[in-house]
């Protein structure tokens, strides 16, 4: 019971998320990391034309740099989970920041495209992956009640950084060339180390230190007679040391917890997310070329992506605030399904847009729905698996998403080349997103809600006259009565320190009552306190 059970367990009790305080600094770090992770692979595309001239390669060859970065960000999810579970979030993020920076700095000295793949692609991509996943884990550690809002604010880093890094890359390219731009970008990525440094883990041992100090304080209050107090405290320490010696050895923490696959909610989420990613990224990738084919000028076509990014900046925090409402949060999975349905229907309805006005309207609604999906995707996963298993869950989910990323956009590009028709691609992408939304909503309702209704209620023991909770409460009463009969007082404490302290107090009281025929004031206070425990024992007996 109480602290005794927590000490005998294998793991210490988790510290309650502060939902603020230093958590806001952690949120700022997560904002920066999310911005670099999602925006950086897109921002480096401004250097592609210069790379094509210097290395005499085609556009598809240079585009592999961004593809490798994204593949490393998604595909190395299990590796990141293992490292986080083994070493913790802060060391992994510091290493990731150094790798990401070193990759871009080394890329500025490369002499062929293969070296760029290994440095800017593999090394920088791995570094960003080692930053992105631990930052989300720390965000879930520091926030609970405000977690939907925190996820929405952190997710807003992606559009904000995309709107900043692309113009910055263009300025660096014009003033310093692509090599100087890569070198400066590598210096900017060192900020990931700063973000990793602020990811201070919550002190799991603070609770035990407080309890230990409280035990000594209680023992002194119960034993106000000088030397007897010290004797009681020493006896308490001996009993605790004996209990620790008997404690079973701790089990090593799993590097990757595959038991989450036994969670039906996680399976449903993973399948729906795989279907979602097949079509989610296709429209923004093909939008500019689609606009150009309809006769829109190049500058106006490129501005369409800026509209999506601008709307996305405000959509993500706003959706996070809505998801944090008391009457919405228990149903956040359905809100996520609605956001996916909204996004898919936007793709389908805009497939026949033939003028610039229609495309602008599409970008507005796509930015809103895309921001909702981005703000809710990790919040739903945290709600399903919990913060303890989130590190393993996100790694496995990102690995599965990597497969979908490598299938969806390339397949859409091949269909465009074969059919020469963007309308079919928008219909197909929208249908995939709608299918994922319907699957998540229906599977959540049928498999999870109905499954809970079919579970039989706990059997009641009629002979005992109460349910299982009552039996559990009454099972501790004989222990209290045993202490009461032995010590001539109704002691009802489960802590060994309190039991020893009460024994010493009664011993002193008996000696002084035998000699003086009375009871000192201090001892009277002790008995008064114990009398409160007796009332509690009577209440539990009646319960």
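Easy rule for this one: first residue shown is 1, then count along the chain.
Placed from the backbone N, Cα and C atoms, the Cβ positions cover glycine too.
The shown structure was predicted, so the numbers you read here are calculated from the model rather than taken from an experiment.
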Between 244-265, 332-353, 464-485, 486-507, I'd like to know which one TrEMBL lists as transmembrane segment.
332-353
Name the residue range among 186-206, 207-227, 228-248 that TrEMBL annotates as region 'Disordered'.
228-248
What range among 21-40, 41-60 does TrEMBL describe as transmembrane segment?
21-40
Stretch of maximal Cβ-Cβ contact with the transmembrane segment (390-412) [cut-off: under 8 Å; candidates 116-137, 266-291, 359-378]:
266-291
Positions on the same chain near the transmembrane segment (424-448), where near means CB under 8 A and six or more residues out
264-265, 268-269, 271-273, 275-276, 278-280, 282-283, 286, 290, 333-334, 336-341, 343-348, 350-351, 408, 412, 415-416
Are there residues at least 6 beyond the ends of the transmembrane segment (180-199) whose Cβ is under 8 Å from a Cβ of it, and what are they?
25-26, 28-30, 32-33, 36, 40, 44, 47, 89-90, 92-94, 96-98, 100-105, 107-108, 120, 124, 127-128, 131, 134-135, 138, 169, 172-173
